[in-house]
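Annotated in TrEMBL:
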- 24-75: domain 'PDZ' (DOMAIN)
- 134-215: domain 'PDZ' (DOMAIN)
- 243-326: domain 'PDZ' (DOMAIN)
- 371-451: domain 'PDZ' (DOMAIN)
């Protein structure tokens, strides 16, 4: 069996003679109810998302965004190859992190045929440079936060930290000598020592800080990379977005989705009336949770009917990313989106219900195809494709844990019916591979569980019959 894909050195393309092109990170901060102050468009026939206008004195101008810039990433999500309607900057909360290229650099990179996703991925700290940490510290009676904030002599607006051994701050991930970058959403460089001390004293029973060790701070500064929550590892955060994988039962998913106005004034999509023993309850859904994303796509700012439609169009499986109301309020107060961190906490794929035993199959609904939409990541789509040798038809081999393929709902032995809307049931392996590679991202795969597919076709030998595979292709 021949293996192809990202681990094959022959497929790695590099060019050491390429000119130095550096993306810029623009950090934009807005007040509740306000915009960021720029206009984004995508012209017909032109590649990329273009900043058409930047309002004077706006958050966009102060954050360094310029007219003509091309947006590569929104909150670390690569968007250059996405449809314009899916680039939802308003869903990012009070802070927005944009990785951009100037118009001149963008046109040059495209004309040279360079990979923009690789260019964006390279805009990360070098090996050996530790990421910043986002730490939630809870006050304790008698010891408070267990933390001393000490000004660095001769350097205005810069502080290092000294946590009490085994105190609240140290247990929350703060290390001795850490540099304090950010506290409760405010950049330290903009605060005087008096204002910082007042802020710490006024915090009720907890505080959230962004810190980094001194060596890594030097590394970030040397590379011109901002130290921001989007790059951070998280420690002890009190609220986490939750990802729920639901497989439809005979009575549906077993919940209602309502649009409600919260006390904060936010309009939200709220999960209600969860049926006992339903797929929703089994997946861990709780009454009153807010829907942040459907199948990995942000929906907080979407119309309610559009969210309902996305769930219905998902077929027999859907993935919902949710959070509690207090959790959403917490991230709103910090001015960051909870979706910055949800991918690290996706449940393992074993939480999908197990297939029913053979003697129960007669009671199940007829099998249905599923539409899985995958957004390419640094390592690809995260699945292997296989086929029966010298026969048309392909199926999903291995699905990598935590990958885009897993989050989209792909399962091993699924039969591939369509690739980006094109039927491939009678196509051979090489043609299907070509369609996937040339289809770009997002990739839409219409798939069907293997045994169910064979029942409907009833003219092919089952994929699970033990015939040898021709080869596998990594994506």
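From the backbone N, Cα and C atoms, a Cβ is placed for every residue, glycine too.
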For the domain 'PDZ' (24-75), DSSP counts of helix, strand and coil?
4 helix, 21 strand, 27 coil
Sort the residues of the domain 'PDZ' (243-326) into helix, strand and coil with DSSP and give the three counts.
16 helix, 33 strand, 35 coil
As a test of reading the model: what is the averaged pLDDT for the domain 'PDZ' (243-326)?
85
